[in-house]
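Participant: Feature table excerpt (TrEMBL):
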- ASP438: active site, nucleophile (ACT_SITE)
- ASP495: active site, proton donor (ACT_SITE)
- TRP167, ASP328, ASP329, ARG403, LYS436, TRP437, ASP438, HIS439, ASN440, CYS473, ASP495: substrate binding site (BINDING)
- 22-242: domain 'Glycosyl hydrolase family 36 N-terminal' (DOMAIN)
- 600-677: domain 'Glycosyl hydrolase family 36 C-terminal' (DOMAIN)
Amino acid sequence: MIRTWHLGDRHQSLVLACRNAGLPEVVYWGPALPESENLQVLAKAAVMDVTGGMVDENAPISLNPEASRTFPGQTGLSARDAAGKVLAPRFSFQSEERAGNELSLVYSDESCGLSLRFDLSLTEATSLFKLKAQLQSQEDIVVDWLAAPVLPVPAYADEMIEFSGRWCSEFLTNRLPFAPGARVRDNRTGRTDHAHFPGLIVCNPTTSNTAGEAFAFHYGWSGGHRMVAEELADGRRQVQFGHAFASLPTGTLFATAPLYATYSADGLNGAAVRFQRHVRSQIVKDARTPRPVHYNCWEAVYFDHKLDELKAIADRAAELGAERFVLDDGWFGKRDDDTSSLGDWTIDPSKYPDGLTPLIDHITSLGMEFGIWYEPEMVNEDSGLYRAHPDWILGPEDQTRGRQQLVLDMAREDVRKYLFDQMSAVLGNHAVGYVKWDHNRVLPVVDAPQTEGVYALIDQLRRAFPHVEFESCSSGGGRIDFGILERTQRVWLSDSNDALERQRIQHDAALFLPASVTGSHVGPRHCHTSGRVIGMSMRAWTAAQRHLGFEMDPRELTDDEARMLKAVTDWWKANRDWLMQADILRLDTIDPAIIAEIQVAETGDRFAAFAALTRPSDQILPHPIRLTGLDPDAVYKITLTNRDETPGLSRGAPLLKYQDLTVSGRYLMSHGLTLPWRFPETICVIEGQRLPN
Ligand code: DGJ
């Protein structure tokens with residue numbers, strides 16, 4: 001008897017089958033199948049042949065490939081009993097629960113005392129699968145590896161795009177060919193990290209932003225993941241995601257984080273839009289709308305907090321249009337540099353003799369919300385907390401320090417209680433609407449309970465202070481994933497406020513992140529992390545592509561710069577209601593110097609496109625940029641929003657340089673928009689309005 005299940009919507013189908021009573025395997029994942037499709041036939045038709053030099057049956061790439069079935073690749077479970085004996089279960093079917101596109105399957109192996117549960121669901125509104133596995137044991141066991149439900153990818157999808165990065169250059173994409181053997185990522189940093197965003201896109205060499213097939217994955221976990229993308233000797237391919245190797249504690253219950261996955265027939269954008277929508281509608285909760293314009297004082301004052309200066313900065317920020325003022329690192333303990341005070345979350349009386357209230361009152365009187373920086377999981381040796389509780393740290397005492405700091409053991413209830421009480425004393429007694437939650441070093445050990453402890457503390461704080469928004473920062477984008485986004489409303493994408501670097505980072509992050517959660521700030525004229533000087537238009541429009549903020553000392557601005565920044569901020573405010581709900585679609589450009597995207601409103605009736613010329617082009621003239629995501633039969637009015645920035649060296653006459661255009665979606669998506677010539681390191685902003693038929 002073959003059991004089969006079909007999860008699907010109008011975009012995709014996933015068909016599971018299990019022969020005998022064994023674990024099910026995905027026998028089909030791809031475009032939506034007709035309702036009439038006979039799943040029994042699919043299950044049998046998918047069975048691959050056997051020839052010489054092979055065992056007599058191909059072990060399935062089941063939801064958890066089993067060593068006991070002579071699976072020839074990486075197995076989905078690696079576990080030992082208390083005596084160290086390797087466990088090789090052979091699971092058999094116990095029960096199922098089904099409701100629409102939600103399916104739970106339970107399997108067990110009595111001889112090992114193990115049961116394995118899979119929870120699979122498809123959110124139809126976003127066409128994203130959410131897949132989880134949970135292992136239960138009757139005795140204490142050691143689990144080195146438990147994969148979330150394992151998915152096969154087809155042999156025709158020959159490439160993978162995966163992610164690396166570094167401080168100030170998050171979300172670097174690497175496009176690699178699939179080859180025999182396993183591509184393994186095992187993130188040992190204990191956090192999501194700049195270098196290890198837990199995502200993977202399997203596609204064809206020809207898949208572009210706008211066309212082709214893609215199978216995309218994201219593991220929603222903040223404690224470091226492991227990924228295996230393997231081509232077996234017989235050519236079949238599997239993708240596994242789970243917690244970093246050996247990061248689970250010994251015990252009886254082990255669960256993976258959710259693995260999110262989707263199949264797209266519409267290029268990388270098809271998958272990107274689903275992740276973006278899912279973050280907006282299913283992952284992030286209680287995000288303030290409209291999204292307020294940020295001001296963050298870090299690059300203006302660093303640790304040098306002076307009440308009068310901060311008030312003067314706040315005045316200027318409010319004039320420019322800021323609606324939230326975030327007081328960054330330096331307000332607590334004796335924090336005059338980064339060598340001390342983490343852990344002592346009491347207001348520094350030498351900087352704030354009357355507490356924070358005078359500053360907060362000033363900020364709120366300007367109509368801004370007050371936000372405050374914390375790095376709760378960390379402690380400096382030079383702190384009251386460390387002196388009182390040297391035993392509260394995670395890892396050995398002689399470990400290498402990171403930014404002169406140690407990590408608190410967040411699995412301890414007393415540690416979490418201390419942090420909750422310290423933070424509550426500030427949040428509960430002041431008008432605080434926002435917490436920037438930082439995390440500035442890798443962990444000394446990879447440890448899932450640490451991450452569970454962080455999640456528990458944030459959850460507790462969110463319950464106690466439901467009006468407070470949280471931002472996830474980790475030296476910029478070192479902790480960005482759907483696990484942390486389930487409890488925060490914004491991520492600090494990168495410590496790079498260099499607009500040109502930001503263009504690249506936010507472009508690649510848009511494969512998973514919507515604009516509404518992606519913080520992007522207008523930095524100082526002289527960028528502090530790259531040393532470059534970039535014009536205000538480029539800086540302001542780049543930040544306006546995401547959740548806009550400012551982070552320079554606004555007193556450095558010339559009148560022209562201030563005017564430009566105010567104008568872009570006003571534009572952003574006038575458009576944010578739809579922009580922060582829009583789909584970001586990356587554009588394919590023939591000029592590698594151009595990074596371009598279109599943001600299409602949920603209703604489809606308007607869009608904004610941004611084309612940044614990040615360096616001098618090799619070609620002398622700009623070639624048309626083809627848009628995407630529009631209705632080919634609709635007619636759009638097109639405006640070059642920053643037309644007045646076209647330089648004198650543009651001597652020709654593309655119509656858009658002088659006036660708005662009225663053209664069809666088909667024209668925009670096939671011929672594309674011919675833009676005027678411009679200087680490198682500048683940006684073209686284009687707005688489109690769909691006209692009534
Ligand atoms: C690292 C963050 O990414 C910065 O934005 C800032 O908050 C500093 N930490 C403060 O120490």
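Quick reminder: no glycine exception, Cβ is built from N, Cα and C everywhere.
Looking at the shown structure, what environment does each listed feature sit in?
Facilitator: Neighbour density for ASP438 (active site, nucleophile): within 10 A of its CB lie 23 other CB atoms from the protein chains shown. DSSP gives ASP438 (active site, nucleophile) a coil state; it is part of no helix or strand.
Sequence-distant neighbours of ASP495 (active site, proton donor) (same chain, six or more apart, CB under 8 Å from its CB) are TRP167, CYS168, SER475, GLY476, THR529, listed in sequence order.
Mean per-residue pLDDT, taken over the domain 'Glycosyl hydrolase family 36 C-terminal' (600-677), amounts to 97.
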Participant: Including all protein chains shown, what's the count of other C-beta atoms within 10 A of the C-beta of ASP329 (substrate binding site)?
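Facilitator: I count 22 other Cβ atoms within 10 Å of it.
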Participant: Where ASP329 (substrate binding site) and ASP438 (active site, nucleophile) are concerned, what is their Cα separation in Å, rounded?
Facilitator: 9
Participant: Within the domain 'Glycosyl hydrolase family 36 C-terminal' (600-677), count helix residues (DSSP H, G, I), strand residues (E, B) and coil residues, in that order.
Facilitator: 13 helix, 21 strand, 44 coil
Participant: Take the Cβ of ASN440 (substrate binding site) and count every other Cβ within 10 Å, whichever protein chain it belongs to.
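Facilitator: Taking all protein chains shown, ASN440 (substrate binding site) has 18 Cβ neighbours within 10 Å.
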Participant: Just going by other Cβ atoms within 10 Å, which of the binding-site residues TRP167, LYS436 has the emptiest spot?
Facilitator: TRP167
